[in-house]
Amino acid sequence: MPTAVQPRMVETTSHTHVRFPLTTALLSLVLAVSAATGALWGSDAARALAAEQGYGLPAFASGQWWTLLSGSVLLPDLRTHVAVTVALVVLAGFAERMLGSLRALVVGVACQLAGVLAAAAALAWAASTGWDWAVGVANDLDLGPLTGLFGAAAAATAGLALPWRGRLRLALVGWVGLTLLYAGGLAQVDHAAAVVVGLGVGPLCFGRLPRLRPRPLTRRDHRRLSSGFLAVSGLAAAVSSLSPVGGPLAGPEPTVRVLAVHAVHGPPGGALLHGLVFVVLARAVYRGSRHAWWVAVAVTAAVTCGQVAVTAALFAADHSCWPALVDNAALDLVGLAVLLAGHRACAVPSRRRSGLLRGSLLRPADAAEHDAAVRCLVAHGASSRLAWMTTWPENRWFTGGAADRGYLAHRVHAGVALGLGDPVGAGDPVELLAAFAKQARREGLVPCLFAATEPTRVAAHRLGWTSLQVAEEAVIDLVSLDFRGRVWQYVRTALNQASKRGIEVHLGPLAGMPARWRTQVETISTQWVEDKGLPELGFTLGGVEEALDPHVRVSLAVDADGVVHGVTSWMPIHRSGDGRLVGWTLDVMRRRPDGFRGVMELLIARTCLELREEGCTVVSLSAAPLARTAADGTRRPVEAFLDRLGAQLEPLYGFRSLQGFKAKFQPRAEPLHLLYPDEAALPRIGVALTRAYLPSTGWFELAGLLRHGAGRAPSAVHDRVGPRAPSI
């Protein structure tokens, strides 16, 4: 009934006024000014007033500095008023929510002034070079508060948690960049300058300094950058075909720009098709498709070559257009570089890709081989409890010509065929290992196996190979597991504290968890890279993408408010011979930095109990690279080197501290070995292992990490067990 609804409406409106007073006040001010000047009905007086009070280089040259304030509240017509109203609700509302009313007002005014003045200075310099676009824009005037709104919104993103901070910043920068390059009016220049200012002052609003050093990029980051470039490039091609005049990437004359667009993309219909293709490719690249990545690189390279050719031809005809032409070519080259930098992130093979040499270790695997490897492991099992990581799509699979009998997963780095774990399947492991070594030598590669178990070590010795222990696997027998006794005190405390705080453990596939939980898992995962500033390890260390495998399960610690405090992922263990599922192997261990401190103990303990109820007999806590129990007697030089390397990496990644953490669960230790036929190849194998674990890290950066680790306090690593627990 109306009498029942009316009080609720009044209460909601009053609550909005109280919660967003600045936004409400700005909306009222803009509406009042537009009504007073006649802008709401498009009067000639409003347009004349706007022309007199607009801000820009002509106004500043005439000494009209007050237009910085007066022009910020004036609008010329109804269409502009509607656009500014929408922006006020969205951008000002967001900034006020994140910064508070007073700080949002101060930041907005500062970004308005700084953005306008910075844009004016940049245009004055660009116009002095004779660039026709800059000369034209420098004579324009701008109106309204949008510049300050964009800057305040950019500053407010500093208060968001990952990954939303990066997503919203990418959206803001992408929007102002696209409109600047392909619409290119004074307003777009002002907005871009304000966003840059806002991104710089944003961290200061939240009590921290701006981060000038870029954080290491994960595979997902590379995919986002590559797919983002493709999407923007596609949209830009469509926009440029529909509006060939305007923006700094437009030529000085319409005819020049039309020629450039037609030469690179064809007629307008071809440019629209080009844009559609790039948008489709962007989606596939975001999913990690290797085939889509190759197509994107080929198309981008062709467009880049065409753009360079057009640049050279048009530059010879009209030297005045050099800034626009150089910018066009440079933008294409940057995009190609972004794609090439992310090539390792696009490792999901295509369904129909085939190699010229079926048995080659260098040939990239296809999806059919990946599916065959999974079926083989599920059907026949493996002697290694870590065998599921051999199914990760970054691997290649050597079968020796008998795919139904088994395979050996491997990667190729630095001239080394780096086998992972034990041979999988029903075939003879000695025969498969011998065939793998023979094929590697035929192709000029050094064969070796990393993280091999004791049975495979014995088999390799029959071939004359040498072994070196590189880690210890922590194994828990679930049948005899009992949390009674003094040694289990830490685990029992975590269980009791979690019960008091209402934190429950949920076990199942990550893809089947609620979307809000999955988002928090991604945030927790990204937080480690953001906060620690260290390269993310790969090879035997999985992440969120591996946890999304439907065969993999995750444990989430979730409180009554739906906050995820920590996550662990578990890979299946299939018994050798019949492939029966007998247990699970721990992979990812990450916790919320401000979450429940005993969350890792809680997740592992609860998961072990639930898996035992399901009939599982064993759980592997995996193994930490370069961490092992001290051996008695003399050590070989290579063993001493590995111990020193482990000590240098300890303050950075905490392998040995992780090994100590796992000791709380009283596991038994099973050695894992590096197997190789020739000890003289060990330096080369060491380089290959480094490239496998840190595929995107340069040698200078790696040397800097080692120096940084040598001078860092070991105690700093104990908190790393939560956010990122690296394990083999």
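Our numbering is plain: 1 for the first residue shown, then up by one each step along the chain.
Here the Cβ of each residue, glycine as well, is placed from N, Cα and C on the backbone.
The transmembrane segment annotation in TrEMBL covers 74-95 (among others). Beyond the transmembrane segment (74-95), the same-chain residues lying 6 or more positions past its ends with a Cβ under 8 Å from any Cβ of the stretch are 20, 22-23, 26-27, 30-31, 33-34, 37, 39-42, 46-47, 49-50, 53-54, 104, 107-108, 143-146, 149-150, 152-153, 155-156.
Annotation source TrEMBL lists transmembrane segment at 102-126 (among others).
Under the heading transmembrane segment, TrEMBL lists 146-163 (among others).
The annotation transmembrane segment is assigned in TrEMBL to 170-186 (among others).
Counting residues 6+ beyond its ends, the transmembrane segment (192-209) has Cβ neighbours under 8 Å at 99, 103, 107, 110-112, 114-116, 118-119, 122, 147-148, 150-159, 169, 172-173, 176-177, 180 in the same chain. For 192-209 (among others), the entry in TrEMBL reads transmembrane segment.
Annotation comment: TrEMBL describes 229-249 (among others) as transmembrane segment.
Positions annotated as transmembrane segment by TrEMBL: 269-286 (among others).
Sequence annotations record features per position, and here TrEMBL assigns transmembrane segment to 293-317 (among others).
Feature annotation from TrEMBL assigns domain 'Phosphatidylglycerol lysyltransferase C-terminal' to 379-676.
Through the fold, the transmembrane segment (102-126) approaches residues 22, 55-57, 60, 68, 72, 92, 95-96, 134, 137-138, 142, 145, 147-152, 154-156, 186, 189-198, 201, 205, 323 of its own chain, all at least 6 residues removed from its boundaries and within a Cβ separation under 8 Å. Within the model, the domain 'Phosphatidylglycerol lysyltransferase C-terminal' (379-676) carries an average pLDDT of 86.
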